[in-house]
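As given in TrEMBL:
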DOMAIN    36-108  domain 'DUF4283'
Amino acid sequence: MNPEELEMLCSALSIREKEKPVGTLATNLKKRGERLLSLCLVGKVLTNKLVNKEAFINVMTLIWRVSKGVEIEALEGNVFVFHFKNLEDRKYIQSEGPWTFDKAIIVFEEPLGTGDIAQMEFNTVEFWVQIHNLHLLCMTKDTGSFLGSMIGEVREVDLIAAKNIGG
């Protein structure tokens, strides 16, 4: 084909934006996707060095020992997607943290909406904080919330003694 013919064919090409979506996702497919998304966590290992992905997957699979299993998918950088088989296993891993790998903390996000990982901030980790040497007067849930709020957001106060004092 000579250059003139090629130029003529190319000039006839155009890209037009469609007015309607190409197709609509069937409701049952969307529901299945939402169910699978609810069983996922996205995690990021906070370190300046690149994590050995294979080692990370092997170690986390071994130490977690969840009842139904978890599949770990490596993404870009130090980001991983954790596909759990049931909600109980996912919640267990979230509640037993914080988790670390090679002395670096792992930050988890629950995917919301469509699960756009680019929108995730990976900026919050829950810690369990224990306060010692409190006087009995201060052993109430309200005081626990107040003291905890001095270092961050308080999710829960677990104070057995407070139940016995009426706090």
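Cβ coordinates are placed from backbone N, Cα and C, and glycine is handled just like the others.
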Three-state composition of the domain 'DUF4283' (36-108), taking helix and strand from DSSP: 24 helix, 25 strand, 24 coil
Model confidence over the domain 'DUF4283' (36-108), averaged pLDDT: 96
